[in-house]
Amino acid sequence: MTTIGALDIVIFVAFVISVIAIGLWKSREEDHEKDAQDYFLAGRGLTWWLVGFSLIAANISTEQFVGMSGKAADWLGMAIASYEWMAAVTLVVVAFVFLPKFLKSGIYTIPEFLEYRYNNFARTVMAIITLIILVGVPTASVIFSGAKVISVFFQGSTLLGLDLGSITVGCWIIGVLAAAYVFAGGLKACAWADLIQGAALVLGGVIVAWLAFQALGNADPEELILTKRNDQVTVEQLAEASPIERFYALNEGPLPDGKLHMKRPLDDKEIPWSALLLGLWIPNFFYWGLNQYITQRTLGSRSLAEGQKGIVFAAFLKLVIPFVVVIPGILAFNLFTSDLNDAAVVKNAKTLAAFAPDLYESLPGSMKPDPENPRTANDIKAIESRLEKARERESDEIALFTFSDRFAENNPEESRLIAEFNHQALQVEPLADNLDPAALAAANTDMVDAAKEDKSRELNTKRSHCATSIQRSRCC
């Protein structure tokens, strides 16, 4: 892994200080006496381009550059971009339906609008709930994921005696720096800081995407072919293809394996197409239309027209974001599939060690972290600890495991071991030895599902007997 040197740290610190300084300076340009409107709404003087960039910078973070890219690399592919493209539609509705009502009422906060529309109780309830949600969910996750990124790149580096490779230190640094310009400069400082950071994020994403395509063009076709989602592509075709042609050849394919589909099957556990039609619109309209963290930027616009232009500009940027976030994630799958496989091995090994120690120890070395790999040394310690706890734990619960036909095709020995473990745990007839990978995966899943149904039926029977006993005791 590339290490971070002193120059990298200096550039990083200089950028952070510059962003904070510019934000504070721009927030103090006016000579008139400051009031609450200046602090919370930037004096209602934000231009459309400040509103647009501020909305995007407030929205995109490590949630996108780490989480969304990771999901694209996993199995969702372009389907994860649905969040972004649906948001573009939502923003247009917010601009022309929500914003006129908000600005007409002269509110500072969204809970205040509920008081204006209903009563003080509604305002109080939403204020409390919003505060809990913002602090406990997005703020905490963004700070943690940002600190995790810092800890990876600054491993072994120190600044003023602080270990920059520590996630705890990273959380404190991010929290303190953000609080510094927010508390001192108010919304205007945030808006100007967002302008710089938003432009840097978008530009940085474009550069990363370009570098990723360059790397794909220089990669060995023999290694790339292992990541193909299309059975018709060959090594010879990849050798003659351009980077973009390689991208399409490797990743286009039928569902559920193809990564260039905008919808997933109905049984997808993350984003079934039914969720796009019926479910995601609700959180989308809340996030962009009723979320104080976001809508405060639009409430600070110079006029209704400026606010609407700013929101539409943000909607345009939301159409661009997937190309600088999601596509690099898919490219990461093509370029670093061996590293992703290592991470999957560690993740699955921890699960098996915690719930099925006998199965874990019977698996071949390909499904266990490599003791010679320094990156997995801590993972191996965690697995040993879980094995010990699992053997000490007394439980009637049986852990059962399923796998896909692709896994069975690539790992026939491991698949057979898992199926054997399941049938021994359930004390049922073993599966036939001559099953092909798809049939083995399907038969194993049917066996596990049948066991779960029997367990559920048993629980329902016990509940029924319990309810009958209670009714009889009441009658007596």
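Residue 1 is the first one shown; counting continues down the chain.
Backbone N, Cα and C define each Cβ position, glycine as well.
Taken straight from TrEMBL:
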- 6-25: transmembrane segment (TRANSMEM)
- 46-65: transmembrane segment (TRANSMEM)
- 85-103: transmembrane segment (TRANSMEM)
- 124-144: transmembrane segment (TRANSMEM)
- 164-184: transmembrane segment (TRANSMEM)
- 191-213: transmembrane segment (TRANSMEM)
- 271-290: transmembrane segment (TRANSMEM)
- 311-336: transmembrane segment (TRANSMEM)
Inset, instruction - Sort out the residues at least 6 away from either end of the transmembrane segment (191-213), same chain, that have Cβ-Cβ distances under 8 Å to it, and list them. - result: 15, 18-20, 22-23, 26-27, 42, 46, 49-51, 53-54, 56-58, 60, 65, 181, 243-244, 247, 297, 300, 317, 320-321, 323-325, 327-328, 331-332, 335
Inset, instruction - Answer yes if the transmembrane segment (124-144) and the transmembrane segment (311-336) have at least three CB pairs under 8 Å among residue pairs 6 or more apart in sequence, and no otherwise. - result: no
Legend entry - Tertiary contacts of the transmembrane segment (164-184), as residues 6+ beyond its ends and Cβ separation under 8 Å: 9, 16, 19-20, 23-24, 27, 143-144, 146-148, 150-151, 154-158, 190, 193
